[in-house]
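Only one structure is covered here, and it is reproduced in the block below.
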Amino acid sequence: DKNLENAEEAAEQFKLIQAAYDVLSDPQERAWYDTHREALLKGGVDGDYQDDSLDLLRYFTVSCYSGYGDDEKGFFTVYRQVFEKIAKEEMEYMMQEDTEEFPMFGYSQSDYDTVVHPFYAYWQSFCTQKNFAWKEEYDTRQASNRWEKRAMEKENKKTRDKARKERNELVRQLVAFIRKRDKRVQAHRKLVEEQNAEKTRKAEEFRRQQKLKQAKLAEQYKEQSWITMSDLERELQEMEAQYEKEFGDGSDDEGELEEQETKGIEDKLNDETEEAEFVDGLYCPACDKLLKTEKAMKNHEKSKKHREMVALLRQQLEEEEGKFPASLDDANEIHTKEEEETEDMPKTKLSKKQRKKQKTMM
């Protein structure tokens with residue numbers, strides 16, 4: 001009604017507005033439109049859409065630039081413009097609140113730490129913001145049921161992810177290709193190698209100085225020790241000479257010392273012999289027991305156990321004499337001694353345990 005002179009065109013525009021309103025007022029239709037907006041604006045989703053992204057394959061050759069200057073065909077100008085275009089394309093697919101700054105390529109004289117390093121650090125791990133909806137093969141609006149729609153969405157997602165991955169790999173490979181030929185990177189690598197070599201040289205020099213210092217200290221220490229030993233030896237000789245001058249050469253004293261040492265050794269041997277004899281006198285052969293003192297020996301001889309063992313030993317000897325008779329004199333002597341030892345000893349009957357022990361000893 002406001003375009004009476006052009007009523008037909010106005011009617012067509014109104015139809016488009018009405019159709020757009022119908023789409024945007026439906027949540028499902030609007031979600032689909034938001035996903036495919038780029039494809040719709042650039043030709044639709046019927047397969048005729050042509051991606052207008054920058055073709056990066058023609059920049060994988062040295063023929064795309066001439067020299068390493070900042071002129072129009074130079075290395076740095078060409079690739080600076082390439083990444084400016086890539087960043088511009090990415091900005092179209094980013095929301096206003098997600099807008100970020102893309103590090104740029106810089107110039108031939110750009111600083112490495114502030115320009116070159118941040119650029120390669122970002123673009124070597126580049127991830128595109130494009131959704132690649134125009135790569136989808138199926139229109140989910142044509143699905144007859146929700147299972148068919150889910151299958152279509154799954155296949156479309158695989159297609160989009162594949163296209164996104166290919167784009168990321170292509171950009172990263174281009175960055176690697178450029179970095180390998182970037183004179184700024186080469187100069188920085190050479191500088192780092194020189195600095196590392198200088199550090200290594202200084203470290204080697206420091207180690208060498210330390211070794212020389214330690215060797216010098218060792219030599220000084222040995223020389224001082226030798227001088228000290230010589231002084232001590234000279235002082236000892238002077239003291240010996242002074243002693244001999246005042247008290248003689250000390251040969252008589254040495255003889256007396258030897259005699260005293262010899263006498264001490266003999267006395268010690270005699271004491272050991274007496275001690276051995278004393279020990280033999282405190283041994284009880286019947287009980288196979290060694291007593292420490294004479295008093296302990298007397299008390300042991302009065303004990304009931306000792307008397308039983310003597311009786312047992314006497315019985316064993318009598319049985320052995322019966323098997324192996326000795327001479328008459330020896331027998332009388334043994335009999336006499338046994339009578340003397342057992343005058344006060346009462347005759348006791350052997351217990352079962354003692355008889356068992358007797359058999360075991362036999």
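Using N, Cα and C of the backbone, Cβ positions are placed for all residues, glycine too.
TrEMBL has this to say about the protein:
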type: DOMAIN; residues: 1-37; note: domain 'J'
type: REGION; residues: 246-272; note: region 'Disordered'
type: COMPBIAS; residues: 249-259; note: compositional bias 'Acidic residues'
type: COMPBIAS; residues: 260-271; note: compositional bias 'Basic and acidic residues'
type: REGION; residues: 318-362; note: region 'Disordered'
type: COMPBIAS; residues: 349-362; note: compositional bias 'Basic residues'
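For the compositional bias 'Basic residues' (349-362), the list of distant contacts is 308, 311-312, 315-316, 319: same-chain residues at least six beyond its ends, Cβ to Cβ under 8 Å. Here the compositional bias 'Basic residues' (349-362) is broken down by DSSP into helix, strand and coil counts: 10 helix, 0 strand, 4 coil. Shown for the domain 'J' (1-37): DSSP residue counts in helix, strand and coil, namely 32 helix, 0 strand, 5 coil.
Looking at the domain 'J' (1-37) alone, the prediction's average pLDDT is 75.
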